[in-house]
Amino acid sequence: MYGIGNTTILTILISIILLNYILKTITNTMDYIIFRFLLLIALISPFVRTPNYGMYLPITGSLDAVYTNSTSGESFLTSTLCLYYPTEAKNEISDDEWENTLSQLFLTKGWPTGSVYFKDYNDITTFSMNPQLYCDYNVVLMRYDNTSELDASELADLILNEWLCNPMDISLHYYQQSSESNKWISMGTDCTVKVCPLNTQTLGIGCKTTDVNTFEIVASSEKLVITDVVNGVNHKINISMSTCTIRNCNKLGPRENVAIIQVGGPNALDITADPTTVPQVQRIMRINWKKWWQVFYTVVDYINQIIQVMSKRSRSLDTAAFYYRI
């Protein structure tokens, strides 16, 4: 029995040593394979053409650049495109297959079936405050309304830029704007915004803090207001609380993968006058408004030219946002 026990122990020890040797051999082999694989990647990477999201390439040329209608262009096999449109467009077209028709037309421009998504919205104002932009490239169709031209330009500013906003309690606190990128954004069915600038003793400058009738009116009965006041000065603010909300917002920079197509209107809205829009660049496409089918056909024709002045899902804040008009 003693000899059998020793033999068993010896067998176990030999098995452990052999297993350890096999595992070390496998580990060394895998290390060798991984090393050769990484070395191969390092050698071929300079020759592989891939997108660079960190480089800022400014776009030069005429502000009224002419876009050529072309069927040739980049093959967007790995990109997605979202087209946002007002619900009225779908109602006017009244065709259950219209999205499939457009998908087939986008296919002729290099966009594979399934890469283009269509999403309607009921109210552009609500959409602009928190736009859900899901795709690599996002194109928003915005119908021009001559009764709210100012609102439209501010809506475009909200959609084309990233904003960080926080609620304001104007009944308890004074507020000041810290920089040109800091704005107060009011939205509602009826927004009348009044402000009273304060001195260092919190006394009103040209107004009485206890009398809102002496406040300066910066907006009256509007649906959307982006208020810009003198930086570094406290203000007491008054708004119609029952019909309006106000938030303290900071413009972080442009959404480079977003473009707006203005549908109709005599002129394209100019948002580049805002000193926080950097650089001062605008690309305009001018086509007469007819029917929604005509609008969508035009978008299909020029989609690749529009995409070329956008950045795919870029997070850089250096380049311009672009505003288009049909």
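One-based numbering along the chain as shown.
Placed from the backbone N, Cα and C atoms, the Cβ positions cover glycine too.
Taken from Swiss-Prot, the feature Ca(2+) 1 binding site applies to ASP95, GLY206, THR214, GLU216. For GLN177, ASP228, VAL229, ASP301, the entry in Swiss-Prot reads Ca(2+) 2 binding site. Annotation comment: Swiss-Prot describes CYS82-CYS135, CYS165-CYS249, CYS191-CYS244, CYS196-CYS207 as disulfide bond, evidence class sequence analysis. Swiss-Prot lists ASN69, ASN146, ASN238 with the feature N-linked glycosylation site, giving sequence analysis as the kind of evidence. Taken from Swiss-Prot, the feature signal peptide applies to 1-50.
Here the features listed in Swiss-Prot are placed on the structure.
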residue: CYS82; record: disulfide bond; Cβ contacts under 8 Å, 6 or more apart: VAL116, TYR117, PHE118, LYS119, LEU133, TYR134, CYS135, TYR137, ASN138, VAL139
residue: ASN146; record: N-linked glycosylation site; Cβ contacts under 8 Å, 6 or more apart: GLY265
residue: CYS165; record: disulfide bond; Cβ contacts under 8 Å, 6 or more apart: ILE185, ARG247, ASN248, CYS249, ASN250
residue: CYS191; record: disulfide bond; Cβ contacts under 8 Å, 6 or more apart: ALA219, SER221, GLU222, LYS223, LEU224, VAL225, ILE239, SER240, THR243, CYS244
residue: CYS196; record: disulfide bond; Cβ contacts under 8 Å, 6 or more apart: GLY204, ILE205, CYS207, LYS208, THR209, THR214, PHE215, GLU216, HIS235, LYS236, ILE237, ASN238
residue: ASP228; record: Ca(2+) 2 binding site; Cβ contacts under 8 Å, 6 or more apart: GLN177, GLU180, LYS183
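Cα of VAL229 (Ca(2+) 2 binding site) to Cα of GLY206 (Ca(2+) 1 binding site): a distance of 15 Å. CYS244 (disulfide bond) carries a strand DSSP state (E or B). When the recorded positions THR214, ASN238 are compared by the number of other CB atoms within 10 angstroms of each CB, THR214 has the fewest. When the Cα atoms are compared, ASP95 (Ca(2+) 1 binding site) and ASP301 (Ca(2+) 2 binding site) turn out to be 21 Å apart.
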